Amino acid sequence: MAHVELRTSGRMPTIRGAAALALALCIAASTACEDRAPEADGPPPRLQAGDEYVALGDSYTAAFLTGETDPESRGCFRSLTNYPRRVAERLSLELTDVSCGGASTENITRPQQVAEGEDVPPQIEAVGEDTDLVTIGLGGNDFNLFGALVVNCVVAAQQDPTGAPCTDLSESDPSGKSNVAKIRSRLTKVVGAVRKRAPDARVVLIGYPQVFPQSGRCAQLPLAEGDVPLAHDFLRALDVAVSGAARKSGAEFVDVWSASAGHDICSADPWIAGASPVRSDATAYHPYPEEQELVASLLLDVLESEGDRA
């Protein structure tokens, strides 16, 4: 997801896609079991010290402000203490982190334009035949859905704070089911592209955390009262798409959603910063260091076990 300033196309119809995507959650969840890939033969190989680890992802992987910024991140704003760094340090892996704020699944195979018009190479170029582990944390920027939600819906809330202006737009829009399927399909293709370049690597898809509460707005979440459930369900639908891609491709999966319950923006102990972060170690609507430590711990659990396929 975008690292600091969430950009949108400026067109309110993009909200419809976000709303419809959330409402497609039940459809996505009910069909996910139909996509299961054949079980792999035996457990995945255990990693050894010195193995090569490549991290692909968006700003929830890059984790801007959760630590010092990597001076070589070329406008991608990667933290030196994000979850890939934590895992690589604990397992003594050789890390290549190409995660980048604002990246979508398209930036796996296409260059990404970052600050000051500079292009960074396609993330897949970091993966090679000697790669032993690849983590993938993507999907939130596809179709600009997250940006439309937290920017345009906040603007709409200023006119109707007690209503549900974004939710109301979703009733006649059929694009949600299609976009859920497209995100799942795109991530499945990403796994395929990784395996083509690194056939022996372990591939792990990283889910998203619970960013929004199920209901009830707060000062750090300036959505309309009736749109808070929409925001929660949107992220849940996105996470279902990620887990569905893992299931379909046979990749391993890290369930951040379940483990982050009770730590949304409006909670007493948030692991995600709100609209106006009260701390300096996260940017708006993005992870605090506590969330990165959670993801690192969950990923370590998967890597040190016989694997957790979705």
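Cβ coordinates come from backbone N, Cα and C, glycine included.
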Member of Cys153, Cys218 annotated by TrEMBL as disulfide partner of Cys166:
Cys153
Using a 10 angstroms cut-off on Cβ to Cβ distances, just flag whichever of Cys166, Cys266 is the loneliest among these disulfide-bonded residues.
Cys266
Residue among disulfide-bonded residues Cys76, Cys153, Cys218 with least C-beta crowding, 10 angstrom cut-off:
Cys218
Please report how many Å separate the Cα atom of Ser59 (active site, nucleophile) from that of Cys266 (disulfide bond), as a whole number.
21
Ser59 (active site, nucleophile) CB neighbourhood, other CB atoms within 10 A:
30
Would you mind reading off the Cα separation of Cys218 (disulfide bond) from Cys153 (disulfide bond), to the nearest angstrom?
15
Three-state secondary structure, Ser59 (active site, nucleophile) (per DSSP):
helix
Quick check: of the recorded positions listed here (Cys153, Cys166, Cys266, His286), which one has the Cα closest to that of Cys100 (disulfide bond)?
His286
